[in-house]
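If you check TrEMBL, you get these features:
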type	residues	note
REGION	A:501-520	region 'Disordered'
TRANSMEM	A:64-85	transmembrane segment
TRANSMEM	A:126-145	transmembrane segment
TRANSMEM	A:151-171	transmembrane segment
TRANSMEM	A:183-203	transmembrane segment
TRANSMEM	A:223-247	transmembrane segment
TRANSMEM	A:268-289	transmembrane segment
TRANSMEM	A:309-328	transmembrane segment
TRANSMEM	A:349-369	transmembrane segment
TRANSMEM	A:375-400	transmembrane segment
TRANSMEM	A:407-427	transmembrane segment
TRANSMEM	A:439-458	transmembrane segment
Amino acid sequence: MEGSPGTSMHGVTGREPVLAFSVASPMVPTDKTAHFDLPVDSEHKAKKFKLFSLANPHMRTFHLSWISFFTCFVSTFAAAPLVPIIRDNLNLTKGDIGNAGVASVSGSIFSRLVMGAVCDLLGPRYGCAFLVMMTAPTVFCMSFVSSAGGYVAVRFMIGFSLATFVSCQYWMSTMFNSQIIGLVNGTAAGWGNMGGGATQLLMPLLFEIIKSAGATPFTAWRIAFFIPGWLHIIMGLLVLTLGQDLPDGNLSTLQKKGEVAKDKFGKVLWYAVTNYRTWIFVLLYGYSMGVELSTDNVIAEYFYDRFDLKLHTAGVIAATFGMANLLARPFGGFASDYMARHFGMRGRLWTLWTLQTMGGVFCILLGRATSLPVAIAHMIIFSIGAQAACGATFGVVPFISRRSLGIISGLTGAGGNFGSGLTQLLFFTNAKHSTGTGLSYMGIMIVACTLPVAAIHFPQWGSMFFPPSKGVVEEHYYIKEYTEDEREKNMHLGNIKFAENSRSERGGNRVVSEATPPHA
Amino acid sequence: MAIRAFLIVLSCLAAATCRGATFSSLQQTLIVTASPQPAQVLKAGEDEITVTWSLNSTFPAGVDSSYKTVTIKLCYAPISQKYRGWRKTVDNLVKDKTCQHKIVANKPYISSSSNNTFTSTVLRDVPTATYFIRAYAQNSEGDEVAYGQTTDSHKAVNLFEIQAITGRHVSLDIASICFSAFSILSLFGFFFLEKRKSKASESK
């Protein structure tokens, strides 16, 4: 059934490169009877990704989806570059500012979990529209805030909107064939994350314009918040009027065809939770995506205070951190694929470790920088490291499990937000040390918490330091997800195909040299 | 040898950052009094502050020969600096963040007059905090050379408070409610409209 755990990844064989732009006909047959702008498969999902098209429904969905997610990032981090003004208006202490930052990323841990169910019930179009339009009032609430408590509460509520990540990915998977879904989802996620950078540019600019129009600073920042609020409403209306749930129409007016073996949620959850690799990735993502979110919250204030910059100058510099997502995240996925071609899974793991540790080292240096050009250089390398690591993370995650991929991806994503809340609580809430010191400590924690990549061992492919176990092939690992009874019902056949196609993760010349034993 | 060179480079860098005057090198030759009473609460945008400054006659004549201009600022009392690193007191005056709001900027220094006064309304961007007032005497290059303040060296007496404007406006509140209502109503409007349409098409 559409939307049950893992269905969006059915058909993913594990062999397709993360950055495939299209899938050719022999691999996935084209449905010649359909009249769409792009070639489609039998489910009418697009087989090709045409970036500069707005054609209904596939590319239009892509653009509606990523821009909605982008808008939510803009509003969630809209307060960050204006903190120097807000902290004077509301008489905030460092603790208040830190708590607000934690609150802004915590809300979505829960809302993302609920969003999956909402998309199942109402479809991704209404899921996205509901979230975006019901969080618009929370953005407008900033005009009422007059105390630290109110500020923290409003930022918490605005943070719920980050669950558009789930509706975005869900909607993409209904519109795009699984062979290219990696690139589509990665691009949508990366471009949505850019909103955290764009807001650092937008909000100070709006503030300056409104101030020069005659408003006093303590009123101007409140007026500036109306713009993200209007963006929410506009995107919500566009999604409702221009969007549709499925290539052939909307959920409520269509009858679903075809049968996909329905899986039990309890089982899927069990296999996700009992696989130790899931939890290592929950930790790891907290120190790539998590630190990216934390930095979005503190970096403008850091530059404003430490280098005595003007508000909009600090905003411009802070924006370059988040905007690097445009290329850095896809680059991470590309690097992971490239290394996998030569060195297999070991290459992917080393790539992930290298990128994330590089990010950590330059975060340490950023906190200690005493001159502006050096600080900016360190920040840019830190951003590339952290964001590429996000991309590289999802180069490995699809191989942890095929059956529970949806839940593992969800848990990993939640780990990102949790890591962000934790680092803000530990390093940016205490007035005893400065923001610079906090950044350095965060960098040390990144390096330390990236070490567990070495513990990720696939029996069939090995790990960073150890070779694969003798005599184990891909089938052994992926078949273990189904019990004897389930195998008798042939529920595991998809996994067999997946295992076959994932042999490319052996890397280099191993793929050809080792014979495949007959299926157990 | 290498260590010595390194230390020379380090001290040069340190000297470069310490180019500004330090507060501890300033002489307290000015006497400053201001209209706010101890523990009085002033309202930003409404109440006025009157500052009076003069040279302390106990100092030898000619101590003010380099004073060219006077700048008077509102400075945060220690209680308003607590947990707020962006208001930290640092000896290097270029980096010092204690006094962030100007009342009088670069007024010419007249040594003969002992009755320099200035009155102004508290500006609307001054935050809620506890303050004292400090006057800096500057030389022809604009560097601080002397100071005077309304409180003692521990910044513990004669402090007053300023209550900032909230920044809120009734018109903003109303606009906010209107747009929020529009958002919710249009969303549910769409939802129920579409539901009704699909029910109608089903029953056909």
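Indices start at 1 and increase along the chain as displayed.
Just so it is clear, glycine is given a Cβ too, placed from its N, Cα and C backbone atoms.
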Exercise. Can we call the transmembrane segment (A:223-247) and the transmembrane segment (A:309-328) in contact, meaning three or more C-beta pairs below 8 angstroms at a sequence separation of 6+?
Worked result: no
Exercise. Of the stretches A:64-85, A:151-171, A:268-289, A:349-369, A:407-427, which racks up the most C-beta pairs under 8 Å with the transmembrane segment (A:309-328)?
Worked result: A:64-85
Problem set entry | Interface-richest range of A:64-85, A:183-203, A:439-458 toward the transmembrane segment (A:151-171), CB pairs under 8 Å | A:64-85
Exercise. Other than its close neighbours in sequence, what residues sit by the transmembrane segment (A:439-458), given a CB gap under 8 Å and a spacing of at least six beyond its ends?
Worked result: 276-277, 280, 283-284, 286-287, 291, 294-295, 298, 302, 345, 349, 352-353, 356-357, 359-368, 382, 386, 396, 399, 423, 426-427, 433, 464-466, 468, 477, 505
Exercise. In the same chain, which residue numbers or ranges, 6 or more beyond the ends of the transmembrane segment (A:183-203), come under 8 angstroms Cβ to Cβ?
Worked result: 18-21, 49, 62, 65-66, 69-78, 80-82, 164-165, 168-169, 172-173, 176, 224, 227-228, 292-293, 296, 299-300, 315-316, 318-326, 328-330, 333, 387, 390-391, 394
Seminar exercise, completed: With the cut-off at Cβ under 8 Å and a gap of six or more residues from its ends, the chain residues touching the transmembrane segment (A:126-145) are 64-65, 68, 71-72, 75, 78-79, 90, 111, 115, 118-119, 151, 154, 157-158, 160-161, 163-164, 166-168, 170-171, 222-223, 225-226, 228-229, 232-233, 235-236, 239-240, 243, 245, 251
